[in-house]
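Participant: Handing you this structure, nothing more for now.
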Amino acid sequence: MIEGILVEGLIYGIMVLGVFITFRVLDFPDLTVDGSFPLGAALMVQCILLDVNLWLALLVAFIGGMLAGMVTALIHNHLRVPNLLAGILTMTMLYSVNIRILGNRANVPVLEHETILTKVSERFSGIIPDEYILLLFFIVVAIVIKILIDLFFRTDLGMTLGAMGNNEQMVISQGVDPKTLKTIGVGLSNGLVALSGAFAAQYLGFADVGLGQGIIVSGLASVMIGEFLVMKSNRIGVLTLCAILGSILFHAVLYLGRYYGYVIHMTPNDLNLIKGILIIILLILTQAKKLKKVAIKAVVEK
Amino acid sequence: MIELKNVSMLFNPGTVNENLAISTINLKVKEGDFITVIGSNGAGKSTLFNLVAGTIIPSQGTILANDRDITREPEYRRARYIGRIFQNPLLGTASNMSLEDNMMITYRKGFKWLKRSLNNKMREFFRAELVQLEMGLEDRMKENLAMFSGGQRQALTLLMMVLSKPELILLDEHTAALDPKNAEIVLELTNKFIREYNLTSMMITHNMSHAIEFGNRLLMMDKGEIIFDVEGDAKRELTVEKLIEKFHEIRHASFGDDKALLSP
């Protein structure tokens, strides 16, 4: 049970890192995610069926997601469409694209096929207890991706991306085109989301066009839970760690809802409602926290 | 350095809100000029800066930089040789990032690549430069800029801009949003940097005595025109009274409400 929660939390944690980049670093609320997550899953599954090298397949999924994100950024930049609408446009178009990739089917299983996860399981079987193999694998994957992101945001380019989310005028004043930065940032974010989708498809054993429904809400809830855990920090390493921990906690809550929800007559169909309510509660708590800070500050200043 | 030829700016043409913000201006900014710009609200001072910086494209006329036509060059490209500081001290720096990160981002103009330039050598360099501000910021390099005051942030923006070595700097009432003490400090720093680095600069101010005290050239604007352009000895002999007199002479109008805005 606990491994299940952790594995799911880590797989979706990669997606949460992507959502964190757009929503928090770039200040670009991006809804492409609902389409790029199943896009990653569809590309992975199709590559598995075509016997493509599995690591190459991961790269294909990542690049596919990146292109999807870039489409959103281009629509926003050049047609002067608000970023929310640009994301919805791409997401809607991706629905059809994903069905195409899956060969005009809405759901394609890969249970009988070799995946990265079955390979890893075989390789380490006997060395590590079976139930912990996947957990360890995903811990390693999540840590590697987290470290790569941390390194990226400490380069000149990464820091400038961070500055743009804060203050677009400042970036313009430095002689950098914010359009280019948005394209890079949203692309990177959706690449991560698609990568997460690719792992999810292998874990679940299928790709489904509906896989991405409400993903953005899950991602956002996870980011918010992570932020709630830790005091405000300006260290990217702390922030990305919070995003992953937030994802794990979020999946723990979902798990409880799924397995013990029947006590209050809850069905799996109610989960989306629960996710939404969770976000609302988090928003209220965050506001209360802020008000309290303001109140304390006012008292101190007096 | 920068030259404006017959530049006009018409906002909302063909509508009831049509507004000729700049009407056929000719201006040549020479290298080493420190120009102060005065004028009442709506005189077109900020529009003039927006045109030079590339935030807006003129309805008519051409803008040249070192004899190169830059009329249609986007703002972010011009920013590589034109530095600008706004009235709002928050616009020059990123609040949620540390001081050293901010300095690293603004140190070099142009696109940033996947390279990590912030190392201990850079930190030492930034620390040495920060000492000039005499604000003790050199010991707070890891702190977020949200923790700094408006005056500190504006002084930083100024220092960071000077370090990037622009060919022209535009100061858009950059001390107006600060309290009098900080405004004085930032203005002193501005003057010091401009002299030390021999920067070509333009400064909008609402304060006539500042306009007279600083710089080697003064522009007075009214209703989208430059009505008075004075430099050198003639500028040095100006007083606030003479300036007001001059305005009456040119416009045959009384200051009226503008008097409050152009206060000495």
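Note: Cβ is positioned from N, Cα and C throughout, glycine not excepted.
Look at TrEMBL and you will find A:5-26, A:54-75, A:84-103, A:132-153, A:184-205, A:211-231, A:238-260, A:272-288 tagged as transmembrane segment.
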Participant: In terms of Cβ proximity under 8 Å, which residues at least six beyond the ends of the transmembrane segment (A:238-260) contact it?
Facilitator: 1, 4-6, 8-10, 12-13, 15-17, 19-20, 24, 142, 146, 149-150, 218, 221-230, 266, 268, 270-271, 274-275, 278
Participant: Which listed stretch (A:54-75, A:84-103, A:132-153, A:272-288) has the most C-beta pairs under 8 A with the transmembrane segment (A:211-231)?
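Facilitator: Answer is A:272-288, with the largest number of Cβ pairs below 8 Å.
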Participant: Under 8 angstroms, Cβ to Cβ: which one of A:84-103, A:132-153, A:184-205, A:272-288 has the largest number of such pairs with the transmembrane segment (A:54-75)?
Facilitator: A:184-205
Participant: Need a quick answer: max count of Cβ pairs under 8 Å to the transmembrane segment (A:132-153), which of A:84-103, A:184-205, A:272-288 is it?
Facilitator: A:184-205
